[in-house]
Amino acid sequence: RLALPPGAVCNGHKSDCQCFGAKYKCSCPFFWRFRKSAECHCKKGWAWTAIKKRSCHNRYQWSD
């Protein structure tokens, strides 16, 4: 499966590797686990997001 583009709905239970690019993470709203309608999205993270994502197995899919 290809990585999800920025703004796409992602699975908050999985790692940030599902989102495209080193700087993007799966961001979920506050108390998302308790709200049925809450969705997580791939959004730009902080500097340490890129550091944390260095070990992702699907890095070859990213261009940045």
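Each residue, glycine too, has its Cβ placed from N, Cα and C.
Taking all protein chains in view, 23 other C-beta atoms sit within 10 angstroms of the C-beta of CYS10 (disulfide bond). The secondary structure of CYS10 (disulfide bond), as reduced to three states from DSSP, is extended strand. Look at Swiss-Prot and you will find CYS10-CYS26 (among others) tagged as disulfide bond, backed by a curator's inference.
Residues annotated as disulfide bond in Swiss-Prot, with a curator's inference given as evidence: CYS17-CYS56 (among others). When other Cβ atoms within 10 Å of the Cβ of CYS56 (disulfide bond) are tallied across all protein chains shown, the result is 17.
What Swiss-Prot records for CYS19-CYS42 (among others) is disulfide bond. Sequence-distant contacts (6 or more apart, same chain, Cβ under 8 Å) of CYS42 (disulfide bond) comprise LEU4, PRO5, PRO6, GLY7, ALA8, CYS10, GLN18, CYS19, PHE20, TYR24, LYS25, CYS26, SER27. CYS42 (disulfide bond) falls within a strand when secondary structure is assigned with DSSP.
Sequence annotations record features per position, and here Swiss-Prot assigns disulfide bond to CYS28-CYS40 (among others). Taking a C-beta cut-off of under 8 angstroms and a sequence separation of 6 or more, CYS28 (disulfide bond) has the following same-chain neighbours: GLY12, ALA38, CYS40.
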Number of other Cβ atoms within 10 Å of the Cβ of CYS40 (disulfide bond) across all protein chains: 20
Sparsest-packed among the disulfide-bonded residues, when each Cβ's other Cβ atoms within 10 Å are tallied, from CYS17, CYS19, CYS26: CYS17
